[in-house]
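**Q** Okay, these came from TrEMBL:
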type	residues	note
ACT_SITE	ASP401	active site, 4-aspartylphosphate intermediate
BINDING	ASP401, THR403	Mg(2+) binding site
BINDING	ASP401, LYS402, THR403, GLU498, PHE540, LYS563, ARG594, THR674, GLY675, ASP676	ATP binding site
DOMAIN	29-83	domain 'P-type ATPase N-terminal'
DOMAIN	117-178	domain 'P-type ATPase A'
TRANSMEM	56-74	transmembrane segment
TRANSMEM	282-305	transmembrane segment
TRANSMEM	336-355	transmembrane segment
Amino acid sequence: CAGEENWVDSRTIYVGHREPPPGAEAYIPQRFPDNRVVSSKYTFWNFIPKNLFEQFRRIANFYFLIIFLVQLIIDTPTSPVTSGLPLLFVITVTAIKQGYEDWLRHKADNAINHCPVHFIQHGKLVRKQSRKLRVGDIVMVKENETFPCDLIFLSSSRGDGTCFVTTTSLDGESSQKTYYAVQDTKAFHNEQEIDALHATIECEQPQPDLYKFVGRINVYHDRNEPIARPLGSENLLLRGATLKNTEKIFGVAIYTGMETKMALNYQSKSQKRSAVEKSMNVFLVVYLCILVSKAVINTVLKYAWQSEPFRDEPWYNQKTEPEKKRNLFLQAFTDFLAFMVLFNYIIPVSMYVTVEMQKFLGSYFLAWDEEMFDEGTGEGPLVNTSDLNEELGQIEYVFTDKTGTLTENNMEFVECCIEGHVYVPHVICNGQILHDCTGIDMIDSSPGSSGKEREELFFRALCLCHTVQVKDDDSVDGLKKSQVPRKPCVYISSSPDEVALVEGIQRLGYTYLRLKENYMEILNRENNIEKFELLEVFSFDSVRRRMSVIVKSPTGDIFLFCKGADSSIFPRVKEGKIDQVRSRVQRNAVEGLRTLCVAYKKLSAEEYRDVQKLLQSAKLALQERDKKLAEVYEKIETDFILLGATAVEDRLQEKAADTIEALQKAGIKVWVLTGDKMETAAATCYACKLFRRNTQILELTTKKIEEQSLHDVLFDLNKTVIRQNGSLTRDTFSG
C-alpha cells in the first residue's frame, strides 16, 4: 500500500521534538545542522593560506613566484627585487580587495543569523536568535516577516488554513502565491494547541529544486493509528520568502541553515575570471613557450661556443676549483634558469599591476556614474566584484522572459467565446456603455435554451476552476481593488491570468465570493448565492498545460471543470463547437492575446469514488509521486465537452520596444523565451520590435519535425537563407 511505502533516503522529524506515543515506529536519532547561514569564503584563520592558494592558481602569479624563487636560489644577472616587489604589490592589492568584499559578506551573514525569531516552547512564545533554530522547532512568523528556514505550514490566522507568500528574492516572481496548511493542524490557532501536537514528518533529504518537495506527516491522536497526510511543495514555506496579507502562521522547521533550498542554490564562491583575464592567460602560455625555447637555444649555443678549450675559460674569467668540479648537467640547468631570468622581461609584470589597478578603480567609476543612478530608489549601481567590470561591455546574447519582463504582467480580460458567441464586458453601443454581457453573434444564430445552459456552465466553470483567494480589504500590497459596486472583493493569486478571468466574469454577471469550509460561493446574475463543494483540485503544471477542479453542485451533480491551453484541451474534447471556438482562439492569438479553453464533464458518484481512490494512492506515494499523479490526471482528464475560450491582454512595458531596438543596434542578439502560442509570441515580437515587417521568419516546429527529419528541416531552412541572401556565399553558412 502506498501509505506504508518506505523511503530509502529520507529523514524523520519529530514535531516540537516530542517523542511519539507508544506504538509508533522506533526513533533513530538524526543529526541536523543549526540555522546558521555562511555565504563568506574565508575565516580569520584561513584567509592568508586560502587566499594565497587562490591567487597562485593564476598562471601569471605562479610564473612570477617561480622566477622570484629562481633569482633567490641561483646566481642570476638581475636582482630578485625586480620580480619580488611587483608580485608582492599585485598579491597585496588583490588580497585587500577580496578580504574587504568577504568582510561585507560576514557582516550580512551576522545580521541574518542574529535576527530574532519566535519559537514555541512549553506552550509559550519565546524569542531567540535565528541561528539557534533547530529542525523540529515550531516557529511563528508574522505578516511581512521573512521565513527563517524551510517550514512545513501547520496553521494560519486565516480561517481556511491558507497564507499568501511572495518569493521575489528566490525566483524573481513578484506575484503572491497561495500555500495550504496541513489539513489536520489548520484548526490550531494558539500556542497551547500547537504545542500539544503529536506528529512525525517523513521527507526527502535536502535538494535544491525550489518547486519540488515530497513528504508525508503522521498525526497521532491518543493511542490510535496515526493519520497519514501527503505533503507537497504547496505545504512548504521556503527560507527567503515573505509572508503577505496573513496576520501570522505556525510552521515546523524541516531544513535549516545550509540545508535550506535557498542556501543549496547559492552559487559557488570561487574566484570569477573575466574573458580578458582568460585571453591574457592564453597569451601568457604562448610567451612562456617562446621564453623557454629562447632559454634552451641560448643554453645550447653557450655550450657549443664553449666546446673549444680557450673559449670555455678566458684569461679574464677563470673558473674556481668548485666550479671545475660541478656536474655538467647541473651547470647546464643553472645556466638555463639564468637565461630564463635574463629574458624574463618578455612577460611584463607591469601589465598585471596595471590591469589590477584599472579594475579596482574602474569599479568606483561604475558606482559614481550619474547616468546609472536611479532616482526612484535613490541608489546607483553596486559593484559586488571588480573582477568582471569589462564583461559588461562584451555581452553578446540577452535571453529574456516575455511575461512580466517585456510585458507588465498586469492582465486585463478582453472577451470570451461560448459556443461561437463572443461576449465582451462593457461594450460601447451607440455611444453608451452596455453593462453585463453582450453577445456578438459569429454563426448567425442566437443561443437557444441548451446554449443558455452551456453559457451558465461556462461562467460557473471560470468562477470555480482557479486557485484565487479573496481578501475583503482595501489595503493590499500592489493589488487593485475590483471596481464593481456589487461586491467589493480583492482577488489574490500567484497567476495574474486567473485574477483577470475572475474579474472579467464578475463584469459579465457572475461573482466569485470566497472559499469557506471547502465550499466555493458564487453570486449569480439573479443575486442568489450558489455553494459548490470543492472536492479535488488538479494543479496547473507546465507539462499538462491545464488545471482542473472537481466540484459538487447544490443539486448534488458532480462536475469536472478544466481550463488550459488549446493544444492540451482540444485533443481531449469529444463534443462541442470545436471549429468555431478554434477559429476565434486563432484570431485572438494573432492579435497577441493570451488564450485559454474551457471544458467540462459530468461524473457519476461511482466514477468520482474511483477517481478518489486513484488520487489518494498517488498522493501518499513517496517515490515518483509527480509521475503517478500525472498518470492519474491523464486518465481522468478525458472525454470533455467544450464550453468555450477566453482572451486576456498583457500589455507591453513602457519603452520595451525602444530597449530591444537599442540592444540590437549595439550588436546584441536578443532571444525571447515564452510558453505562449506561436501566433501570440509572433505578435508580441512584432509589437516589441524584435521582428520587423521585412524580417525573414524561419519556423522550426514539432509539426514540421513530425513530417520530416530534423536534419531535412534544417537543410531546407539553410537553403531558404542562402536564397534570400544571394550575395553571400555558401561557405558563410557552412557553420
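Note: Cβ is positioned from N, Cα and C throughout, glycine not excepted.
Keep in mind that this is a model prediction, so the values were computed, not measured.
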**Q** Please report, as numbers and ranges, the same-chain residues at least 6 past the borders of the transmembrane segment (336-355) whose CB is under 8 Å from any CB of it.
**A** 60-61, 63-64, 67, 70-71, 74-78, 83, 86-87, 89-90, 276-277, 280, 284, 287-288, 290-292, 294-296, 298-299
**Q** Count up the helix, strand and coil residues in the domain 'P-type ATPase A' (117-178) according to DSSP, in that order.
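**A** For the domain 'P-type ATPase A' (117-178), the helix, strand and coil counts are 7 helix, 36 strand, 19 coil.
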**Q** If one looks at the chain holding GLY675 (ATP binding site), which residues at least 6 apart in sequence have a CB under 8 angstroms from its CB?
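**A** Expected: SER542, ARG545.
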**Q** Where the record says ASP401, LYS402, THR403, GLU498, PHE540, LYS563, ARG594, THR674, GLY675, ASP676 bind ATP, what is the longest distance in Å from one Cα to another among those residues?
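**A** This binding site's residues have a maximal Cα-Cα distance of 23 Å.
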**Q** By DSSP, how many residues in the domain 'P-type ATPase N-terminal' (29-83) are helix, how many strand, and how many coil?
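**A** The breakdown for the domain 'P-type ATPase N-terminal' (29-83) reads 27 helix, 0 strand, 28 coil.
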**Q** Measuring Cα to Cα, how many angstrom lie between PHE540 (ATP binding site) and ASP401 (active site, 4-aspartylphosphate intermediate)?
**A** 19
**Q** How many whole Å apart are the CA atoms of the residue listed as 'active site, 4-aspartylphosphate intermediate' and ARG594 (ATP binding site)?
**A** 15
**Q** Taking every protein chain shown into account, which of the recorded positions ASP401, THR403, PHE540, ARG594 has the largest tally of Cβ atoms within 10 Å of its Cβ?
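**A** When each Cβ's neighbours within 10 Å are tallied, ARG594 leads.
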